C-alpha cells in the first residue's frame with residue numbers, strides 16, 4: 001500500500017524528450033557503463049521499484065489496472081504504481097537498455113536476464129513483518145529469488161561470466177516508508193516492542209544487514225534511496241485532517257535517512273562496498289515547497305480521483321488529471337514519473353561520478 005521513495009524514467013518510447021543537460025549526463029553514463037562492463041541492474045524494495053512482481057502474488061497490493069501505466073509504453077498497466085516508468089527503468093534507459101522487468105514476469109527472456117531484474121514487491125520494507133502484514137515479499141524473500149536468478153544466469157552464460165556480470169552490476173534498494181506507514185504506526189506489534197527512536201534504530205540494523213547480505217551475494221556497487229517526506233503524502237494529510245505536511249512523520253523519515261547515510265559510510269569504509277545515497281526526501285520536499293521551479297502546478301493532491309485518498313485499488317478506473325507532468329503525486333501516495341525523473345537526474349550524476357571512475 002503506502003510507499004514511495006525515490007526515482008524513475010528516461011528516454012522511453014512515448015515519453016517527452018528529456019532536457020539537454022540530462023541528455024549529457026545520460027551520454028556520459030552510457031560511455032562509462034560500457035567502459036566498466038556494467039550491463040545489469042538488480043533491484044530490491046517496495047512499490048517505488050516494483051515493476052509488477054505483485055501481479056503474481058496473492059495480495060491486494062497491485063497496480064496492474066488503469067489508470068496506472070497510462071503514460072507507460074503503449075499506455076499499458078504493468079503493475080507499476082505510477083503513471084509511467086519507475087526509477088530502475090529510467091536508469092536502464094540511460095544505459096541504453098529496455099525497462100527493468102519483474103523477475104516473476106512469465107514473458108521474461110534470456111536477454112532480459114542478462115540486463116538484470118527487479119525482485120521488489122510493493123508493500124515491502126526492511127522489517128520482514130511489514131511484508132507479512134500485506135502478504136508480499138519481504139527483503140529476505142526477494143534475496144532468495146535473487147539466488148534463483150543467479151542459478152538461471154549461470155546456466156545461461158556460465159559460472160565465470162555470471163559472477164563477473166553480478167560483480168559489475170548496479171544493485172539498488174528502495175524501501176522504508178511502509179515500515180512506518182503500514183507497520184509501526186498502525187500495527188501494535190512493534191509499538192509494544194519499540195519506541196519510535198528504537199524502531200528507527202532497529203530498521204537501521206536491518207538495512208545494514210540487508211546491504212551486507214547483497215555484498216555477500218556479489219554486490220560491489222549499491223544505490224540506496226532514502227525515505228521520502230511521508231508527512232507530505234496526500235493520503236497522510238487527508239487521514240490527519242490537515243492541508244499542510246505532517247511534521248512528525250517527516251521528522252521520522254529525516255531521522256531514518258540519517259541512519260541510512262551513516263550505514264552507507266560504514267559499508268564503504270569497512271567492507272569496500274561502493275555506495276550512493278539518493279536523497280528523495282529533499283528533492284520531493286523542495287518540489288512541494290517550490291513546485292513552479294520544477295514545472296509543477298499541483299503539489300498537494302494526487303492526479304488520480306480526488307487526489308486525497310485514492311491509491312492502489314481505490315484508484316482503479318478513476319478519472320485522472322489532464323496532465324500528470326504538472327503533478328508531484330500520481331495517486332495519494334506515489335509520485336508521478338515526472339517527479340521521479342527529477343530525482344533520478346541527480347542519481348545518474350552520482351552513479352557516473354562515484355561508481356564509474
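Each residue, glycine too, has its Cβ placed from N, Cα and C.
Fair warning: this is a prediction, and the values are worked out from it, not measured in the lab.
Record features, source Swiss-Prot:
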ACT_SITE  47  active site, nucleophile
ACT_SITE  331  active site
ACT_SITE  334  active site
CARBOHYD  37  N-linked glycosylation site
CARBOHYD  132  N-linked glycosylation site
SIGNAL    1-23  signal peptide
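Features as recorded by Swiss-Prot, highlighted on the structure.
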residue: 37; record: N-linked glycosylation site; DSSP class: coil
residue: 47; record: active site, nucleophile; DSSP class: coil
residue: 132; record: N-linked glycosylation site; DSSP class: helix
residue: 331; record: active site; DSSP class: coil
Which of the recorded positions 37, 47, 132 has its Cα closest in space to the Cα of residue 334 (active site)?
-> 47
List the Cα distance (Å, whole number) between residue 47 (active site, nucleophile) and residue 331 (active site).
-> 12
Cα-Cα distance linking residue 331 (active site) and residue 37 (N-linked glycosylation site), given in Å to the nearest integer = 37
Determine, to the nearest whole angstrom, how far the Cα atom of residue 331 (active site) is from the Cα atom of residue 132 (N-linked glycosylation site).
-> 24
Smallest number of other CB atoms within 10 Å: among the recorded positions 37, 47, 132, that is 37
Among all the protein chains here, how many other CB atoms are within 10 A of the CB of residue 331 (active site)?
-> 31
Cβ-Cβ neighbours of residue 334 (active site) (radius 10 Å) | 33
